[in-house]
Amino acid sequence: MLDSFNREINYLRISVTDKCNLNCFYCKPGNFQEFSPGDILTFEEILEVVRAFLPLGLKKVRITGGEPLVRKNLLYLIENIAALPGIDDLALTTNGILFPRYARDLKSAGLSRVNFSLDSLNPDKFRSITGGGELKNVLEAINLALELDLTPVKINTVLLRGINLDEIDAFVDFIFRYPVHWRFIELMPLNDREKWQRQFVSVKEIVEIISAKYKLIPGKTVGGAGPARYYEVPEALGTIGVISPLSNHFCEYCNRLRLTSTGKLRLCLAKNQEVDIKSLLRSGISQEELTGVLREAILRKPRAHEFGDKDFLGTMANIGG
């Protein structure tokens, strides 16, 4: 379905939990409060939303969190979404820690591909950033995803000045050894703006740093039709991608809505404009009526984000990564 600005909205990102087995500081601020179980949508409620979205042209679904693999019985949700007519891309974003335990079952259930969040290739720094995670588990997960052909495999890294910007050569070197797509993402000002100003690294600076050592050739979009701009590097097995939500936003081409774990339909990541889907579901709304609500929401999707608004507050764990 087209929104009011002629963008085709065919992609739903579904957060199934705000909980995570890691504690990355930019995702969860110190005062982060987890939701209680009753606040979270059940899998049947999530499936109701997906089914109601299908008549509007839904084609792509991504399961996120928190860390989605900490949600019990996630395979049930994956299997049921994969079985729906019209869904041609079902993806998962994970930190990779639990992925080896579930990878083969996820593949069998119908998962198309997987993205990994990884902000350091230094084991000690990885533990520091994540609050105790083990890098070797994530590297095992990446290898397993490639082995199972859950491709294209994408790795998402938030580059942070003073934290991991000095590892950029190591990240680029990785694509010479593995056929993965390593994407660098600008830090978004979701909670602590003062810290954000100190740590923010623009995509322009990232490209300048990499191109000083490597030849970057603008490449084609890699499966998923997301906002990344990709570059090929001669002799590399993979590619480099950059995502610039702030310095060069991609709102003109935005094709997605977000369903939070608590049942709020978020029309834009950076706006507090939401539709309380959970209350509608629990009041007995019919699927046809819910489709109508989704249609109206799509038509209210804003033209562009407002990361500069001083009243914007949020955390990625609550909103959904």
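Cβ atoms here come from the backbone N, Cα and C positions, even for glycine.
Listed in Swiss-Prot:
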- R13, R62, T93, K154, R256, L257, R258: GTP binding site (BINDING)
- C20, C24, C27: [4Fe-4S] cluster 1 binding site (BINDING)
- Y26, G66, S117, M188: S-adenosyl-L-methionine binding site (BINDING)
- C251, C254, C268: [4Fe-4S] cluster 2 binding site (BINDING)
- 4-220: domain 'Radical SAM core' (DOMAIN)
Taking each of C20, C27, S117 in turn, which of these binding-site residues have a Cα lying within 10 angstroms of the Cα of T93 (GTP binding site)? S117
Ten-angstrom check, please: count other Cβ atoms within 10 Å of the Cβ of Y26 (S-adenosyl-L-methionine binding site), all chains counted. 20
Check: same-chain CB within 8 A of [4Fe-4S] cluster 2 site center, minus C251, C254, C268: H249, F250, L269, A270, K301, P302, R303, A304, H305
Please report how many Å separate the Cα atom of S117 (S-adenosyl-L-methionine binding site) from that of C251 ([4Fe-4S] cluster 2 binding site), as a whole number. 23
Tell me, which binding-site residues from R13, R62, K154, R256, L257, R258 are within 10 Å of C20 ([4Fe-4S] cluster 1 binding site) if we use the C-alpha atoms? none
Over the span of the domain 'Radical SAM core' (4-220), how high is the average pLDDT in this prediction? 94
Name the residues of the same chain, 6+ apart in sequence, whose Cβ is under 8 Å from the Cβ of R62 (GTP binding site)? Y11, L12, R13, I14, L90, A91, L92, T93
Which whole-number value in Å describes the distance between the Cα atoms of C268 ([4Fe-4S] cluster 2 binding site) and Y26 (S-adenosyl-L-methionine binding site)? 19
A correct count of other C-beta atoms within 10 Å of the C-beta of K154 (GTP binding site) gives 25
Close in space but at least six residues away in sequence, with Cβ under 8 Å from that of C254 ([4Fe-4S] cluster 2 binding site), the same-chain residues are R7, P227, C268, K301
Sequence gap of 6 or more, C-beta under 8 Å: which same-chain residues meet both conditions with respect to C251 ([4Fe-4S] cluster 2 binding site)? R303, A304, H305
Other CB atoms within 10 A, centred on S117 (S-adenosyl-L-methionine binding site): 23
